[in-house]
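J.: Shown below is the structure under consideration.
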Amino acid sequence: MASTSSSRASSSSSSSSTPSIPRTITYDVFLSFRGEDTRFNFTDHLYSALGRRGIRTFRDDKLRRGEAIAPELLKAIEESRSSVIVFSENYARSRWCLDELVKIMECHKDKKDPGHAVFPIFYHVDPSHVRKQEGSFGEAFAGYGENLKDKIPRWRTALTEAANLSGWPLQDGYESNQIKEITDSIFRRLKCKRLDAGANLVGIDSHVKEMIWRLHMESSDVRMVGMYGVGGIGKTTIAKVIYNELSREFEYMSFLENIREKFNTQGVSPLQNQLLDDILKGEGSQNINSVAHGASMIKDILSSKIVFIVLDDVDDQSQLEYLLRHREWLGEGSRVIITTRNKHVLDVQKVDDLYEVKGLNFEEACELFSLYAFEQNLPKSDYRNLSHRVVGYCQGLPLALKVLGCLLLKKTIPEWESELRKLDREPEAEILSVLKRSYDGLGRTEKSIFLDVACFFKGEDRDFVSKILDACDFHAEIGIKNLNDKCLITLQYNRIRMHDLIQQMGWEIVREKFPDEPNKWSRLWDTCDFERALTAYKGIKRVETISLDLSKLKRVCSNSNAFAKMTRLRLLKVQSSLDIDFEPEYIDADDKVELYDVVMKNASKMRLGRGFKFPSYELRYLRWDGYPLDFLPSNFDGGKLVELHLKCSNIKQLRLGNKDLEMLKVIDLSYSRKLSQMSEFSSMPNLERLFLRGCVSLIDIHPSVGNMKKLTTLSLKSCKKLKNLPDSIGDLESLEILDLAYCSKFEKFPEKGGNMKSLTELDLQNTAIKDLPDSIGDLESLKYLDLSDCSKFEKFPEKGGNMKSLRELDLRNTAIKDLPDSIRDLESLERLYLSYCSKFEKFPEKGGNMKSLMELDLQNTAIKDLPDSIGDLESLKYLDLSNCSKFEKFPEKGGNMKSLTELFLENTAIKDLPDSIGDLESLVSLNLSDCSKFEKFPEKGGNMKSLNWLYLNNTAIKDLPDSIGDLESLMRLYLSNSSKFEKLPEKVGNMKSLELLDLRNTAIKDLPDSIGDLEPLEKLSLSNCPKFEVLPLSLKAIDAHLCTSKEDLSRLLWLCHRNWLKSTTEEFDRWQLSAFIPESSGIPEWITYQNLGSEVTEKLPINWCEDPDFPGFVLSCLYRPSDYSSAYNFCHDFKCELNLHGNGFTFTDECSHSCWCDCHVNFKDSRDLVCVYWYPKTAIPEEDHHKYTHINASFTHRFEGHPFFCEDIKKIKCGINVIFLGDQRNHMPMLEHPQNSGDNGSALQDANGNVHGANQDDEHYHIPTLGLLGNFHDNGSAVLEDTLGNRKRRRDDSLPDVVEEPHYKKIGSHPTPISCFELHHQYQSEQNHMW
């Protein structure tokens, strides 16, 4: 434990005397040591061991310089209960250490506040040398001068006194054993009020902080906090750590452990005695005559004191009745923690706050397991996959991780594999016994619900489960709540979840009496057990639920008679490999056929003869995917059936017997291709949902369908032969959803369909319907009407305007030409889609009356203009007129749409915009791309204060008005392919939010000086601008592909990188530098560590983490794409996994680089690519630096948009280099300055036009990235990125003929610059847009 909390003064208004306030104790141990001797070996290991025992230890990790000891160290010594002094060879050479020692011994001898213990450790030194200041200690004192004559006597006295104390002389032997002995001894001597929370307290700090926060230690009120969770999750351990953490703040404390067990075996009296004894500290205890007398004593004594009490493992309210009935029993300022598996106990107790303890995350679980299985904090490499299997099996349960870790310690890989196979069938007894306690406390019905969930319902919707269990008379609502309160299940998004180990416990309970006779079990869930049960001579008589996955059947099952004896069967689920959903529209017809074939192939494994029978009179739920017979069994009795699911079955006609099916709520026969007709529906009056999707042979629906007064959903989607519905459909007074989509022969909606007063959704998309009856207007509850892709639908009914509740009307891709005036009466309409209605020419004049309309999609229509009334659409947010090639003029009153946020005019015939466009105060995105006639952006366009995105790509625009600078919220400005665009206004520098400026393929020649004022600007694209003469240096990204500028790009790169390396630590943390270099000659020799293939591992330099001149690593990989990858312009996604490890610790991170650059497509002779990453040291947690000794880099690559990693991308070679600043340690070849002036020269020009030579800056920075980039031979043009200065340079400014600089600053030895270079922000979401 390393967490601390501030002290709190205790007070009580009801106490007869105010309790004394002890000195503030923040740490258990202050660790004094000589850093250069032991910091990274013995002391570090000792510090970690103390932490694992829950001993709060202060260690000064700073490399301090100076004469006086820091005040925070003196304070830390005073606030520590003890000190551990590591006397090493050079300890006395540090005046700082000696001052610490003097302070420590003063605290040790302080009579006013005794108790500061001192534990000396003599690390490879003779204790007598310390005591007498001889040997290295004598030599140290001999070197001190007269100026220290006042301190030397105190130093000597402190050394002598400390050396006279009992300690540990360490000379030879295993340090791990010695450290264990020391930590155990310190723990025993410090424990006092402290409890042993155990070793290896991984992941506990966050729980402790959460609980302490909930205790509100600063408050003077009484607070009770409940902590609940499944058994073995660590509640008791957390409570002990909190108890130890807060022990210094309370004079009166008690920890009552394992109350449930003690209460059940001994009663409450011993617990009352222990509580009083703890509070009174063994003094003045009185005999308790009865439980009631004990309760009275507790109330009288506690009410006058400020106490801290932990009541551990309470599982029933009766256990609190006579221990702590009410908060009024406690003095003000008291704190109580109650741990339990039963959340209901906490609700009844009315605690102030609740905290649910969740399992460890994967990394924490892996560490905890490794500490027990390998006695280190990560798995051994050979055991990594097996370890991950165990960690996955335990699902973050600390108890299971500890038990299995101990079980597998020092076992071989074959032994591990054997144990894991055993665990699949037989849970470890110690884990099982802990988890089973919660089950043992359940009632009979709750136990049945629990086993049903474990064996059948896990992961299902709560409402569905409740409905089925209620039909079994199990009182599901209260039962599920109790299981949730007792942490046996959890509810997430209304689904019932269960920990895998708890589920396995449920399975074990079912198997308990007859472990090897599955035919006698009450529930079957495993395919192998089902196969064994079918072969049993006496059949399966006791089974209540069967859940069977057909894909896991190893052989064909043909014992049809086995079902005949299942007289208790309540729940039957025979499913395919997946719960296949044929509905998503992205699944094409061929794939749906393939999915159907998968179901039928699996279904064929269960062969049923024509004489198949089973007594179904107890059956509540039946699901059988691919049911193989034409009819249900002749003796089928569905009298208690609630849901019937026969997807993909061979059923031709559904016959459910002669009984009334009053309990039946759901029938799903979807994709039963042979189903041609349904029997009468009169016998199922309470049916609520009927699914007949994909029943391609179904011709009609029986007229009795109108008798189902409670039917809410009727899905007939993709019933290809269905032509119409009976008029009785209008009698479905409760119907809410009617789905007829993709019924390709359905031509006419019934006239009486308007009687369905509850209908809210009507889906007719992709049908043969031509029109709708006027009665459609009577659907007063209809909210959603979809007629999209009805190619024959020509006219929307006049009375359609009566649908007052309609919110969405989808008429996309229909033959509709116009809309009736009554459309204005759709007062609730929010979304109107008319896109791809190629005959639609005119929006109704009175359409502006639709005050609720928020989205209007008119793209790809024949519309020419919009009426002025469009401005009256006060709620409109989205207007799309894209690809309306005849649309020429935006209405003047369009500026009245005050809510409009997105306006798409892409590829229209529009020439200009009215000035009123500036009145669109809410507009966020304006798209005018591909408007080839658009020439002038309106002067008042600068009034759109909310505009973030402006697309002017491929327009005829020549310039922008000065008012563009007033777009203070604009973040993206796209002008690419506007070939006439020549100049940006000077006021563009006022756009303080601009992040991206795309000027590709324009006629622009230069940028205004104000471009340097755009601080947020991160990307500038200037590729293929043949007239461009100036490059700025104020950006994070520049795309200069195919520019004709003869800039010295190497010099530019050096300036960019120098500025970047000079940036703050915070900036290093936020940015990741990477480069993509096509047409490369390979990884240069100065990258020290290289290896063939995609992975490289090397040892780190000694003390790498302490060197202030070491900023990070260069990681590089040489790729060779295949012909396939070079033929297509996919986005290349390069990744590097970085792994630092050593001393049993590991750190992993990932670098990535995505590039749309298509340079590689055009390279004919060589296509090798190099990806380079610059990884800063500051990205590695500083407190862990010293732990790592090796670095490993692993490289991968794929094409973005492809679902697979490309195996044909070869990783030829990779490398790592450790880089330094300010010296010559790397000795890497750097770029040289060009020897010629003129066009090959370079200079800098600042914002005022002053020219600076290339030797202007003489700061000594060693730029390894430039060396790396400059040593690749490249033939392409350039992409430059990451510049931080606000300067620009001209191509025609030359350098002096002779410029001599230090060799570590020389730049430009190669005649051709790099081809692509990019600086990536780790959080940038649209890095690819400008490509």
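Note that Cβ sites are derived from N, Cα and C of the backbone, with glycine treated the same way.
Since this is a predicted model, take the numbers as computed values, not measurements.
Below are the features I grabbed from Swiss-Prot:
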| type | residues | note |
| --- | --- | --- |
| REGION | 1-20 | region 'Disordered' |
| DOMAIN | 25-190 | domain 'TIR' |
| BINDING | Arg34, Gly35, Glu36, Asp37, Thr38, Arg39, Gly66 | NAD(+) binding site |
| ACT_SITE | Glu100 | active site |
| DOMAIN | 206-434 | domain 'NB-ARC' |
| REPEAT | 429-452 | repeat 'LRR 1' |
| REPEAT | 540-565 | repeat 'LRR 3' |
| REPEAT | 616-638 | repeat 'LRR 4' |
| REPEAT | 648-673 | repeat 'LRR 5' |
| REPEAT | 684-708 | repeat 'LRR 6' |
| REPEAT | 734-756 | repeat 'LRR 8' |
| REPEAT | 781-803 | repeat 'LRR 10' |
| REPEAT | 828-850 | repeat 'LRR 12' |
| REPEAT | 875-897 | repeat 'LRR 14' |
| REPEAT | 945-967 | repeat 'LRR 17' |
| REPEAT | 969-991 | repeat 'LRR 18' |
| REPEAT | 1017-1040 | repeat 'LRR 20' |
| MOTIF | 1287-1291 | motif 'Nuclear localization signal' |
J.: Between Asp37 (NAD(+) binding site) and Glu100 (active site), find the distance joining the two CA atoms and give it rounded to the nearest Å.
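T.: Pair distance, Cα basis, whole Å: 17 Å.
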J.: Only counting partners 6 or more residues apart, tell me which same-chain residues put their Cβ under 8 Å from the Cβ of Arg39 (NAD(+) binding site).
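T.: Correct list: Phe33, His1186.
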J.: Counting by DSSP secondary structure, give me helix, strand and coil numbers for the repeat 'LRR 5' (648-673).
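T.: Looking at the repeat 'LRR 5' (648-673) with DSSP, the answer is 0 helix, 5 strand, 21 coil.
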J.: Sort Arg39 (NAD(+) binding site) into helix, strand or coil using the DSSP assignment.
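T.: Reduced to three states, the DSSP call for Arg39 (NAD(+) binding site) is coil.
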J.: Please compare the recorded positions Arg34, Glu36, Asp37, Thr38, Glu100 by how many other CB atoms fall within 10 Å of each one's CB, and tell me which has the fewest.
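T.: The recorded positions Arg34, Glu36, Asp37, Thr38, Glu100 were compared, and Glu36 has the fewest Cβ atoms within 10 Å.
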J.: With DSSP helix as H/G/I and strand as E/B, how many residues of the repeat 'LRR 4' (616-638) fall in helix, strand and coil?
T.: 0 helix, 4 strand, 19 coil
J.: Residues sitting near the repeat 'LRR 14' (875-897): Cβ under 8 Å, six or more positions beyond its termini, same chain?
T.: 830, 835, 851-869, 903-911, 913-920, 922, 927
J.: Calculate the distance in Å between the alpha carbons (Cα) of Gly35 (NAD(+) binding site) and Glu100 (active site), and round it to a whole number.
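T.: Computed Cα spacing between Gly35 (NAD(+) binding site) and Glu100 (active site) is 13 Å.
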J.: Using Cβ distances below 8 Å and needing 3 or more such pairs, separated by at least 6 in sequence, tell me whether the repeat 'LRR 6' (684-708) contacts the repeat 'LRR 5' (648-673).
T.: yes
J.: With DSSP helix as H/G/I and strand as E/B, how many residues of the repeat 'LRR 17' (945-967) fall in helix, strand and coil?
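T.: Final tally across the stretch: 5 helix, 4 strand, 14 coil.
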J.: Looking only at the repeat 'LRR 14' (875-897), what is the mean pLDDT?
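T.: Result for the repeat 'LRR 14' (875-897): average pLDDT 93.
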J.: For the repeat 'LRR 12' (828-850), how many residues does DSSP put in helix, in strand and in coil?
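T.: Reading the DSSP string over the repeat 'LRR 12' (828-850) gives 5 helix, 3 strand, 15 coil.
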J.: Compute the C-alpha separation of Glu36 (NAD(+) binding site) from Glu100 (active site), stating it in Å without decimals.
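T.: Here the two Cα atoms are 16 Å apart.
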J.: Could you state the CA-to-CA distance between Thr38 (NAD(+) binding site) and Glu100 (active site) to the nearest Å?
T.: 17
J.: CB neighbours of Gly35 (NAD(+) binding site) within 10 A?
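T.: I get 18 for this one.
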